């Protein structure tokens, strides 16, 4: 495992920790899109279908369990926790995420490396992950006061896939047997590009020591 | 091309 991949995973983990910290300590999920969280839970379920059958490393298995467990605990907090669920701003979270699911499923059935159940589900998870942040980005744009934890959450999430891209370049150059997964690369690039606008305002607000606010 | 390709990324 190279440093880019590891750093990417840690960023991903950090984003989840930051979000859980906000929810657990502040008992608030203000500004967080439930729809994005639902999409991520679905992404993890479909991608980690091999969790009990395909052992790669202890690190791999533990991380999969952590991502699945955190995704479901976030959903539980936002939907069922009596205090947290009242801070969820349903009216601002209006993205039609079912269309994303449908579009990604159709695309996965059409464009994949191999036509098997597991491979199509894996491909679906890759496509869905690329666009899962959209409801969250729309919600951020509508929120006037984005708190630090929410801003950092999205920032870490964007950095994670960016680092994965460096990891793919590194593996492409160093591993003879590394398959040319162009499908993952294109999706990963789109996923990272979606954050470009957000990154710009995040860095700007950080440099100017101002509160983060996205233009409407 | 091998038929089984382990997906070692998360």
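A Cβ is built for glycine as well, from the same backbone N, Cα and C atoms used for every other residue.
The list of residues near the transmembrane segment (A:55-77) in space but at least 6 beyond its ends in sequence, with Cβ under 8 angstroms from a Cβ of it, reads 1, 9, 12-13, 16, 19-20, 23-24, 29, 34, 37-38, 40-41, 44-45, 48, 84-85. Feature annotation from TrEMBL assigns transmembrane segment to A:55-77 (among others).
Sequence-distant contacts of the transmembrane segment (A:98-115) (same chain, at least 6 residues past either end, Cβ-Cβ under 8 Å): 39, 42, 121, 123-124, 127-128, 131-132, 134, 181, 183. Summarising the annotation, TrEMBL assigns transmembrane segment to A:98-115 (among others).
According to TrEMBL, the feature transmembrane segment maps to A:121-140 (among others). Taking Cβ pairs closer than 8 Å, the transmembrane segment (A:121-140) reaches residues 31-33, 35-36, 39-40, 42-44, 46-47, 49, 89, 92-95, 97, 100-101, 104-105, 107-108, 111-113, 146, 150, 154, 157-158, 183-184, 187-188, 190-191, 194-195, 197-198, 214 in its own chain, all 6 or more past its ends.
Annotation source TrEMBL lists transmembrane segment at A:152-170 (among others). Beyond the transmembrane segment (A:152-170), the same-chain residues lying 6 or more positions past its ends with a Cβ under 8 Å from any Cβ of the stretch are 2, 4-5, 7-9, 11-12, 14-15, 18-19, 22, 32, 133, 136-137, 140, 181, 184-185, 188-189, 191-192, 194-195, 198-199, 202.
The feature transmembrane segment is assigned by TrEMBL to A:182-203 (among others). Sequence-remote contacts of a segment are chain residues at least 6 beyond its ends whose Cβ falls under 8 Å from one of its Cβ atoms, and for the transmembrane segment (A:182-203) they are 111-113, 123, 126-127, 129-131, 133-134, 137, 140, 151, 154-155, 157-158, 161-162, 164-165, 168, 212-215.
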